[in-house]
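**Student:** Positions annotated as region 'Disordered' by TrEMBL: 1-36. Summarising the annotation, TrEMBL assigns compositional bias 'Low complexity' to 12-30. The annotation domain 'Spo11/DNA topoisomerase VI subunit A N-terminal' is assigned in TrEMBL to 149-210. Annotation comment: TrEMBL describes Tyr178 as active site, O-(5'-phospho-DNA)-tyrosine intermediate. The active site, nucleophile annotation in TrEMBL covers Tyr178. Sequence annotations record features per position, and here TrEMBL assigns domain 'Topoisomerase 6 subunit A/Spo11 TOPRIM' to 259-429. Per TrEMBL, the feature Mg(2+) binding site maps to Glu264, Asp316.
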Amino acid sequence: MSDQKRRRKLDPSASSSASTSKTPRASSSSNYAQDLRKQLKPDADILSSLRRLSAATSAAASSQKPVSISDLDLSSSCREVTDLDSFAVVHSIERLILSVARSILSGQGFSFDVPSRASSNQLYVPELDRIVLLDKSSSRPFANLSTVRKATITARVLSLIHAVLLRQIHVTKRDLFYTDVKLFGDQNQSDAVLDDVSCMLGCTRSSLHVVASEKGVVVGRLVFLDDGDRIDCTRMGIGGKAIPPNIDRVSGLESDALFVLLVEKDAAFMRLAEDRFYNRFPCIILTAKGQPDVATRLFLRRLKVELKLPVLALVDSDPYGLKILSVYMCGSKNMSYDSANLTCPDIKWLGVRPSDLDKYRVPEQCRLPMTEQDVKAGKDLLEEDFVKRNEGWVKELEMMIKTRQKAEIQALSSFGFQYLTEVYLPLKLQQRDWL
């Protein structure tokens with residue numbers, strides 16, 4: 001068979017020799033895209049496959065007992081936090097401040113014992129498939145020039161949280177910062193100490209009643225109660241429903257979806273919402289519009305745990321898209337102390353993968369050259385333990401670094417604005433092409 005005939009083969013599961021040896025031309029790529037459209041089976045066949053996936057995920061979730069740190073015989077002790085009610089957190093703060101007062105009255109000054117959140121104090125646990133925080137702490141004395149400011153900020157944040165909890169209200173991290181701008185300097189200072197305080201008290205950050213501003217959005221086959229108000233996410237337009245920053249007010253999750261589609265960017269989310277992709281293939285679509293915030297991570301975990309649905313992810317084909325996906329899956333190093341509540345380890349990487357660029361003949365002009373910083377980020381990911389244990393991820397990352405090419409989800413729009421929803425995703429679902 002000649003090379004020209006081989007390029008006309010329609011099976012996208014095989015790598016295209018033409019695209020690896022020669023830059024795909026726009027006209028041939030467009031024709032190939034139309035050929036792929038013809039390969040789509042009736043929606044009923046794809047839905048049947050998705051129902052089997054959903055049923056298998058639900059059965060596995062029901063039969064498997066969740067593994068926790070206490071079930072494992074780890075060589076090092078770890079620190080994790082739990083949800084606590086307001087009374088318990090207030091009691092912990094008052095107990096801590098009483099110990100500080102006793103130390104001052106005894107003439108010893110005072111110091112806070114703060115868990116270390118440094119990278120060296122974190123551990124990836126394969127059995128849990130997430131990052132955990134080890135039990136190493138550092139002292140933050142007031143009577144030390146290098147730590148006096150941080151100790152003062154810690155005491156101030158404890159005081160503010162105590163006041164918020166007594167009033168039974170919620171405030172944003174920005175509100176917290178503006179209570180004492182002169183002391184905090186910038187919000188990064190108060191945000192960092194807020195996480196320290198959460199670790200010190202052994203509670204989740206949401207237990208402190210301090211939340212981030214609304215960022216994530218959700219749309220699709222989901223109904224839930226938001227502080228008693230019934231929300232139907234099929235009636236939220238293309239913008240979707242903002243995910244509440246304090247997730248404890250969300251209850252009564254109901255859905256007939258077959259899967260959750262996690263999307264990295266707002267632009268792809270809007271395309272999926274406007275095309276009502278969730279009606280063609282019953283699903284729940286959500287995005288944090290880039291770097292995942294705590295509320296979106298908590299919401300996704302609740303969908304996964306309470307509805308027992310598989311989660312498929314759509315991110316850019318670059319190292320940063322994979323970093324974002326890894327935060328959803330195994331947690332961020334900044335909040336490793338709360339990884340048990342914030343992670344969904346078994347998310348399936350649906351696309352856009354580096355191998356898809358040739359497989360779907362994405363035109364060369366729609367691919368972006370990787371910078372040296374991009375390449376370094378990709379190589380750093382290859383050194384992560386959670387990547388090493390997934391052969392498919394390793395192959396895709398190695399291909400990305402070798403070709404030094406990246407692409408955004410929107411590169412698929414070169415074949416048509418609705419190519420993502422009408423061809424690419426349906427074909428991916430039909431072939432069960434995920435990692």
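Glycine too: its Cβ is placed from the backbone N, Cα and C atoms.
Distances, neighbours, how buried they are, the whole picture for these features please.
**Tutor:** For the domain 'Spo11/DNA topoisomerase VI subunit A N-terminal' (149-210), the number of residues in each DSSP class (helix H, G, I; strand E, B; coil) is 48 helix, 4 strand, 10 coil.
The Cβ of Tyr178 (active site, O-(5'-phospho-DNA)-tyrosine intermediate) lies under 8 Å from the Cβ of no residue that is in the same chain and 6 or more residues away along the sequence.
On its own chain, Asp316 (Mg(2+) binding site) has Glu264, Lys265, Val352, Lys406, Ala407, Glu408, Ile409 as residues at least 6 apart in sequence with a Cβ closer than 8 Å to its own Cβ.
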**Student:** Take every residue in the domain 'Spo11/DNA topoisomerase VI subunit A N-terminal' (149-210), average their pLDDT values, and give the whole-number result.
**Tutor:** 94
